[in-house]
């Protein structure tokens, strides 16, 4: 099957990898407009309780500092660690998605911290941590944007690859990489202005415990950003069947549909962890004055939650109001 046939098959299977709703404005918390495959709020409570119960039973004999680790998931990523920087390898989707993820992060953090979004180094003076950094695909551009970056991963091979690659560029060589967990850094008393965990929470054993650790790492009024995959039938069709079996972008078994969280579930977990997933604060006068034109362009894109959609024709990911498959969320640590 050639590439075009694969794309056509994937589009038929998922009804379209470019949902029509990407051209519509849709609030994620509106019950009447939510994907029909997303569970009601009461079901979200039940799902969270089920996840917590499973994680609790698995980790009763394990120290609390490793309670969110999933050994099977760690083994998956350890097996393909050498391919992090192969743009046509197993991590190709992340390479393609990275510019779109960074667009959301740049816009949101500049708004949150009243930074100049037009600056080449808008994150100057900010301490950021990339939790589950892998080979450093996110850590490196954050460092180039001026941030003091710490990247952590529980897979030793990932950290070694990240260090080797970062050392090739003076702008990224100062990134602090550690093979450790968020829980261990909490025990050490580390805190950061912004905490990022992208495409990580679906691979941990205990999402609630994991988010508690992310919250503890975030300073009061700091920012927390997570991205993951919605537990919807469209996500099953496109993120698992299409991506792993038809297009073969990812190794088979990379994702478990039952480990995905809906936006409602993720929001509930974050709220319990004292992370408020609500409207962004109004822009300061300084933010607007720094780049009035760019601010006007970014205003509609800077939201508390956004979706990612893939355009198979251009080969690019786009920010969207459609959060039925891939989505990214921003929250503020409560004081």
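Cβ coordinates come from backbone N, Cα and C, glycine included.
DSSP assigns residue 132 (S-adenosyl-L-methionine binding site) to coil in the three-state reduction, outside any helix or strand. Take the CB of residue 132 (S-adenosyl-L-methionine binding site) and look out to 10 A: across all protein chains shown you find 23 other CB atoms. According to TrEMBL, the feature S-adenosyl-L-methionine binding site maps to 101, 132, 153, 198.
According to TrEMBL, the Mg(2+) binding site annotation covers 199, 202, 203. Under the three-state DSSP scheme, residue 202 (Mg(2+) binding site) falls in the helix class.
For 32-49, the entry in TrEMBL reads compositional bias 'Polar residues'.
The compositional bias 'Low complexity' annotation in TrEMBL covers 58-68.
If you look up TrEMBL, you'll see 32-68 marked as region 'Disordered'.
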| note | Residues sitting within 8 A of the centre of the 199, 202, 203 CB atoms (Mg(2+) site), not counting those, run 73, 132, 200, 201, 204, 228, 229, 255, 259
| query | Counting only residues 6+ apart in the same chain, whose Cβ is under 8 Å from the Cβ of residue 101 (S-adenosyl-L-methionine binding site)? | reply | 138, 198, 227, 308, 328
| task | Take the C-alpha atoms of residue 132 (S-adenosyl-L-methionine binding site) and residue 199 (Mg(2+) binding site) and report the distance between them in angstrom, rounded. | result | 8
| task | Would you mind pulling the DSSP three-state label for residue 101 (S-adenosyl-L-methionine binding site)? | result | helix
| request: Quick one: pull the CA-CA distance for residue 203 (Mg(2+) binding site) versus residue 153 (S-adenosyl-L-methionine binding site), whole Å only. | output: 12
| query | Could you tell me the C-alpha distance between residue 199 (Mg(2+) binding site) and residue 153 (S-adenosyl-L-methionine binding site) in angstrom, no decimals? | reply | 13
